[in-house]
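Data first, discussion second: the structure below is written as structure tokens.
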Amino acid sequence: MAEDGRQQPKNTYMIHMDKSNMPSSFRNHLQCFIQLGHQISLDWERKSEALFPAIDKLSEVVIGVIDTGVWPESESYDDTGLGPIPSGWKGKCELSNNFNSSNCNRKLICARFFSRGYTAAFGHIDNMVESESPRDNDCHGTHTSTTAARSAVAEVSLFGYASGTARGTPPQARIATYKVCWLRGCLSSDVLAAIDEAIEDGVDILSMSIGGGLSTYYRDPIASGAFSAMPHGIPVSCSAGNPGSLSNVAPWITTVGAGTLDRNFTAYISLGNGNKYKGISLYTGKSELDLLFPLVYGDSASNSTSGNLCLPYSLIPEKVAGKIVICDRGANPRILKGQVVKNAGGARMILTHTDSHGEVLVADVHLLPTAAVGKKIGDAIKSYLKSDTNPTAKISFGGTRFGIKPSAVVASFSSREPNPLAPEILKPDLIAPGMNILAGWTNKAGPTGLGSVKRCVSFNIISGTSMSCPHVSGLAALLKAEHPEWSPTAIRSTLMKTAYITYKNGEIIQDFATGNPATPFDYGAGHVDPVAALDPGLVYDAGVQDYLSFPCALNYDRYEIILATNVNFKRNSRKKYSLRDFNYPSFAVPLQTALGKGGAGVGVSTSVKYTRTLTNVGAPAKYKVSVSSKLSSVKILVEPQLVSFSQTYEKKTHCDIYCHFYAIRCS
């Protein structure tokens with residue numbers, strides 16, 4: 001036992017320490033959220049009860065959340081109706097200056113904190129600034145854990161927006177929280193210690209909305225820790241990351257991108273020339289809805305070369321007083337731009353996106369009447385501004401609107417790109433709701449993130465892949481409850497295999513960043529479908545030994561394999577390791593691999609063979625393969641095309657996918 005009474009981690013990890021690659025919570029986009037639970041419950045009512053996990057099964061599942069801590073007073077952790085804590089559970093509430101055992105109950109069954117690595121790097125934690133305890137001073141961890149499995153709370157909203165009953169994906173599941181992120185970041189050693197402790201405590205699911213950017217698997221502490229969870233049957237979900245490179249791309253991690261919901265918080269902009277546009281806003285104050293105000297661009301109301309960004313002290317009061325000010329997104333927080341406009345005497349703000357942010361609209365609780373619009377609408381408003389000698393506009397607010405189409409759309413902030421570490425492994429794995437999500441807050445912090453604004457709330461609407469990750473963790477808990485014998489890979493495969501990539505009209509899911517159809521590099525296998533996941537039929541399964549072959553296929557040496565997996569595994573020098581035979585639920589074919597390094601040349605064709613093993617998890621059935629490709633230069637053949645299964649858990653190991661490429665010149 002440690003001096004403070006906490007157990008030491010059971011495993012010893014060999015890690016490559018690099019302070020520049022410290023994990024962190026994904027906070028680039030933290031201004032929106034709603035939950036999927038209500039729709040799931042409605043759909044489940046229309047499903048066979050044979051597919052629905054019984055409540056007593058769900059209450060046996062524990063979701064471990066590694067994040068910034070927990071606010072135990074939140075009504076989202078109410079344990080009314082829950083039975084005793086699952087037998088064999090080893091977790092506990094850790095004592096500290098403002099946290100004790102009474103803060104836990106039959107819902108929140110564990111709350112721990114890990115700070116030794118952090119204090120070794122940055123010194124003593126000032127409890128006047130943040131609490132060295134499981135308590136959440138940031139709100140991020142409270143939001144993610146209540147997204148995953150909060151108890152049903154009636155009549156909640158954020159100032160009237162997104163009102164209704166909030167519930168986690170499985171509201172009966174238990175929650176265990178592990179605080180690893182502090183004011184200056186999350187240390188790798190603390191993250192690894194938390195993962196190890198969560199495994200020892202007995203969690204069934206691990207949810208981590210944190211990441212340290214992209215690094216090789218043997219330099220990635222989250223990848224190493226997640227591998228240790230796999231032999232214990234614990235699925236691990238992680239965020240794909242917000243703008244920038246993908247994070248958490250290890251194949252034993254479910255990497256989750258973000259999509260939109262069919263709900264929005266509409267703001268309306270009417271220009272003096274009669275043109276009208278829709279934007280988004282969570283503004284809650286009073287405003288004169290029918291008044292036209294003079295319109296000015298921040299760029300022309302500043303002596304700064306970056307006046308368009310409305311940076312602090314950049315606006316000239318005489319030029320913005322009583323006007324609607326157009327501010328471009330970037331450089332400083334969105335809400336802070338409104339504070340700058342307000343301090344300078346501006347009456348309203350139109351927040352416009354630039355090329356780097358595209359058309360995705362993140363809702364914010366603005367400090368003055370504000371409408372946020374995408375780049376296309378922003379450009380139209382700026383064109384009007386230039387063409388009119390006396391430009392005017394008015395802003396009004398429509399509250400919460402449902403039935404927004406198309407939905408889901410890939411959020412523009414959701415990280416995407418071919419997997420640079422292993423191009424054959426498609427990442428992200430899938431997308432889930434991550435835009436404008438309503439979940440728990442600490443009730444000691446406001447929704448804006450600005451310390452000067454003290455409107456404390458117990459629920460907040462925020463956005464990011466941090467919000468999409470716990471949705472998938474909750475869905476994994478549902479599957480774990482119904483199928484406790486399934487491996488983490490089978491659970492991930494189920495979610496991926498049953499995801500959708502088209503709307504009901506047959507069109508491909510759109511990408512908010514471009515307005516065009518998204519690609520598998522954006523959405524992976526598609527958007528999660530909670531109802532379809534209850535009955536997948538077939539899965540692609542894999543065990544620890546299969547995953548140990550993965551670093552061998554990357555030509556890792558023995559030391560690098562140990563770093564990546566925490567397993568002393570020696571590769572078989574006589575065995576040929578190939579990522580093409582790795583039983584992943586999706587696959588990608590790098591053209592460099594298919595056509596030879598540098599390409600095989602115009603007019604030359606080649607074939608690549610990928611092998612997969614199918615496991616039947618449903619009733620006996622026959623399956624016929626159909627493949628479509630919109631590229632005339634790519635032909636895909638699957639053999640055999642007809643696969644039959646006579647019993648549950650029967651495997652078919654002869655599913656070969658041939659990809660035939662014909663090199664063409666691109667002009």
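Quick reminder: no glycine exception, Cβ is built from N, Cα and C everywhere.
As recorded in TrEMBL:
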type	residues	note
DOMAIN	60-526	domain 'Peptidase S8/S53'
ACT_SITE	Asp67	active site, charge relay system
ACT_SITE	His140	active site, charge relay system
DOMAIN	294-381	domain 'PA'
ACT_SITE	Ser466	active site, charge relay system
DOMAIN	581-653	domain 'Subtilisin-like protease fibronectin type-III'
Neighbour tally for His140 (active site, charge relay system), based on other Cβ positions within 10 Å of its Cβ: 24
Cβ neighbours of Asp67 (active site, charge relay system) where a neighbour is any other Cβ within 10 Å: 28
Number of other Cβ atoms within 10 Å of the Cβ of Ser466 (active site, charge relay system) across all protein chains: 34
For the domain 'Subtilisin-like protease fibronectin type-III' (581-653), mean pLDDT (0 to 100): 79
Rounded Cα separation (Å) that holds between Asp67 (active site, charge relay system) and Ser466 (active site, charge relay system): 10
His140 (active site, charge relay system) to Ser466 (active site, charge relay system) - Cα separation in whole Å: 8
Where His140 (active site, charge relay system) sits in the secondary structure, as DSSP reduces it to three classes: helix
DSSP-assigned states of the domain 'Subtilisin-like protease fibronectin type-III' (581-653) in counts, ordered helix, strand, coil: 6 helix, 29 strand, 38 coil
